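See below for the structure under consideration.
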Amino acid sequence: MEDYSNLSLKSIPKRTCRIIFRTATILGICTLIVLCSSILHEIIHLDVSSGLMDSDDSQQGIIQPIIESLKSLIALANQILYNVAIIIPLKIDSIETVIYSALKDMHTGSMSNTNCTPGNLLLHDAAYINGLNKFLVLKSYNGTPKYGPLLNIPSFIPSATSPNGCTRIPSFSLIKTHWCYTHNVILGDCLDFTTSNQYLAMGIIQQSAAAFPIFRTMKTIYLSDGINRKSCSVTAIPGGCVLYCYVATRSEKEDYATTDLAELRLAFYYYNDTFIERVISLPNTTGQWATINPAVGSGIYHLGFILFPVYGGLIKGTPSYNKQSSRYFIPKHPNITCAGKSSEQAAAARSSYVIRYHSNRLLQSAVLICPLSDMHTARCNLVMFNNSQVMMGAEGRLYVIDNNLYYYQRSSSWWSASLFYRINTDFSKGIPPIIEAQWVPSYQVPRPGVMPCNATSFCPANCITGVYADVWPLNDPEPTSQNALNPNYRFAGAFLRNESNRTNPTFYTASASALLNTTGFNNTNHKAAYTSSTCFKNTGTQKIYCLIIIEMGSSLLGEFQIIPFLRELIP
């Protein structure tokens with residue numbers, strides 16, 4: 001039987017797309033050249049002496065065929081443009097769905113043989129394959145998206161079963177074939193460094209009998225081997241999941257105070273239940289970074305690389321510290337005037353990256369980049385963001401949406417609104433020297449925080465506060481010009497609607513300048529923490545759904561329980 005274990009699902013539609021697009025474009029250009037040549041030939045060979053200037057009738061008789069030819073040329077060009085821009089992409093999506101479905105049938109039907117495959121192929125319901133990691137409404141959309149009622153789905157996230165300890169730090173990744181999910185199971189209390197185990201699962205989206213999606217768990221592994229993995233981030237890759245964690249042996253504050261880097265681990269979990277873990281060593285980090293932490297939010301698989309969001313502390317006086325210490329990013333709120341001169345505000349913004357509580361380390365965001373060509377690689381690189389384009393280092397999430405790269409950064413510093421960036425770095429030429437990002441201007445949504453960096457803070461100050469609450473862009477957030485607010489930009493998620501306390505979890509949709517629709521729970525004092533949101537579309541019904549994962553306070557079993565909420569989003 002043929003071995004499908006090395007079959008790359010992504011390569012099929014991409015290769016098909018390139019061939020069809022290039023062929024159509026070349027044919028269109030050739031047609032235009034031929035028609036233009038024909039018209040020019042007709043013009044050049046006009047017999048001017050035969051009476052072109054003699055009478056209006058003769059002029060009209062000569063010009064009219066040219067006009068008709070030009071009309072035909074324009075009509076043909078419009079048809080080619082319509083075919084290339086609309087018809088062909090739709091057909092590609094249809095072909096792609098058929099290919100995925102056929103492959104799934106081969107792996108799950110009579111042709112499947114577990115002795116020569118990496119396990120049964122995981123694949124979402126066909127109605128969802130082409131509705132994932134796409135912009136879900138048009139860029140020109142400027143309406144008010146609203147949430148439908150909570151949908152009663154079976155939870156794919158196991159809860160704590162003991163009053164001691166808690167479950168925390170969810171990370172969720174979704175690609176065209178399957179999803180991956182992980183969280184930390186803290187055994188004694190709910191402190192970051194307490195002894196813990198790690199839960200990791202993968203599964204698929206299925207259509208329920210009630211005509212809405214459910215998340216079916218297909219594979220799970222519970223890592224209870226005595227290794228205290230923390231701050232784990234997950235990424236779905238072809239064939240399975242990748243888990244990136246650091247091993248905690250001391251508190252976060254102690255991690256920043258020392259120069260002895262904690263152990264970093266990269267684990268691969270495949271369809272056939274194979275689990276392979278590597279300890280990774282990053283070049284040019286020892287002696288420069290005090291600590292390196294996975295940034296909790298999910299990573300991405302892009303152009304043969306696995307990318308994870310990272311943050312940590314740079315040691316003063318090192319080359320990395322010196323390179324970044326003069327850089328700072330200072331977004332502006334148009335309706336808020338900050339005290340002090342511009343130079344004073346700039347100085348405050350620059351100093352906001354260095355945190356006294358964390359032994360005066362410079363808090364830095366970065367991306368861990370690992371080639372997937374060696375699927376069990378321990379060869380990874382850490383590439384820093386340019387601090388003149390992003391805020392102080394913090395937890396975050398990476399996205400690939402319509403082949404564009406984006407980055408959410410937790411608002412842990414003085415800017416209280418959600419931080420979302422377009423990544424402009426080109427990975428097609430290999431690992432870059434630095435990550436370039438462009439801020440998506442937005443003054444929503446707030447997060448709770450301590451003074452002087454509470455929920456209404458937009459002026460430079462030195463603090464470390466806030467809470468992780470990633471966003472999901474519903475349409476293209478690209479501004480019309482540099483740092484110009486896009487009035488049509490819409491995004492969704494959940495936030496903690498309180499000035500300073502981690503309470504009152506609330507679902508929202510927002511524009512760059514206003515909350516558009518909010519719905520919460522009856523108890524506005526209910527405790528909560530991290531939130532993570534992922535929206536997608538059923539391309540058959542055209543319905544949009546948002547999966548919103550929230551760490552909800554629990555008074556019975558542990559301090560927190562992680563709950564997945566599913567709602568339809570109505571544009």
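The backbone N, Cα and C atoms fix where each Cβ goes, glycine too.
Record features, source Swiss-Prot:
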DISULFID  Cys166-Cys190  disulfide bond
DISULFID  Cys180-Cys241  disulfide bond
DISULFID  Cys232-Cys245  disulfide bond
DISULFID  Cys338-Cys459  disulfide bond
DISULFID  Cys370-Cys380  disulfide bond
DISULFID  Cys453-Cys463  disulfide bond
DISULFID  Cys535-Cys546  disulfide bond
CARBOHYD  Asn272  N-linked glycosylation site
CARBOHYD  Asn284  N-linked glycosylation site
CARBOHYD  Asn335  N-linked glycosylation site
CARBOHYD  Asn386  N-linked glycosylation site
CARBOHYD  Asn454  N-linked glycosylation site
CARBOHYD  Asn498  N-linked glycosylation site
CARBOHYD  Asn501  N-linked glycosylation site
CARBOHYD  Asn517  N-linked glycosylation site
CARBOHYD  Asn522  N-linked glycosylation site
REGION    228-233  region 'Involved in neuraminidase activity'
TOPO_DOM  1-25  topological domain 'Intravirion'
TOPO_DOM  47-571  topological domain 'Virion surface'
TRANSMEM  26-46  transmembrane segment
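Overlay of Swiss-Prot feature records on the structure.
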residue	record	Cβ within 10 Å
Cys166	disulfide bond	28
Cys180	disulfide bond	24
Cys232	disulfide bond	25
Asn335	N-linked glycosylation site	8
Cys370	disulfide bond	25
Asn386	N-linked glycosylation site	16
Cys453	disulfide bond	26
Cys463	disulfide bond	19
Asn517	N-linked glycosylation site	15
Cys535	disulfide bond	26
Same-chain residues at least 6 apart in sequence with Cβ under 8 Å of the Cβ of Cys459 (disulfide bond), in sequence order, are Ile336, Cys338, Ala339, Gln345, Ala348, Trp414, Pro452
Do me a favour and check the Cα-Cα span between Asn386 (N-linked glycosylation site) and Cys166 (disulfide bond); whole Å is fine.
36
Most isolated by CB count within 10 A, of the disulfide-bonded residues Cys245, Cys380, Cys546, is Cys380
Cα proximity to Asn284 (N-linked glycosylation site), best match among recorded positions Cys241, Cys245, Asn335, Cys370, Asn498:
Cys370
Average the per-residue pLDDT over the topological domain 'Intravirion' (1-25) and send me the rounded value.
48
By Cα geometry, the one of the recorded positions (Asn272, Asn498, Cys535) nearest Asn335 (N-linked glycosylation site) is Asn498
Rank the glycosylation sites Asn272, Asn284, Asn498, Asn501, Asn522 by the number of other Cβ atoms within 10 Å of each Cβ, and give the residue at the low end.
Asn522
For Asn501 (N-linked glycosylation site) and Cys241 (disulfide bond), what Cα-Cα distance in Å is obtained after rounding to a whole number?
34
Whole-number Å distance separating the Cα atoms of Cys453 (disulfide bond) and Cys546 (disulfide bond) is 30
In whole Å, note down how far the CA of Asn498 (N-linked glycosylation site) lies from the CA of Asn522 (N-linked glycosylation site).
15
Tally every other Cβ atom lying within 10 Å of the Cβ atom of Cys190 (disulfide bond).
16
The one of Cys241, Cys338 whose CB sees the fewest other CB atoms within 10 Å, among these disulfide-bonded residues
Cys338
What does the structure give for the C-alpha distance between Cys380 (disulfide bond) and Cys245 (disulfide bond)? Integer Å is fine.
14
Round to a whole number and give the Cα-to-Cα distance in Å for the pair Cys166 (disulfide bond) and Cys546 (disulfide bond).
25
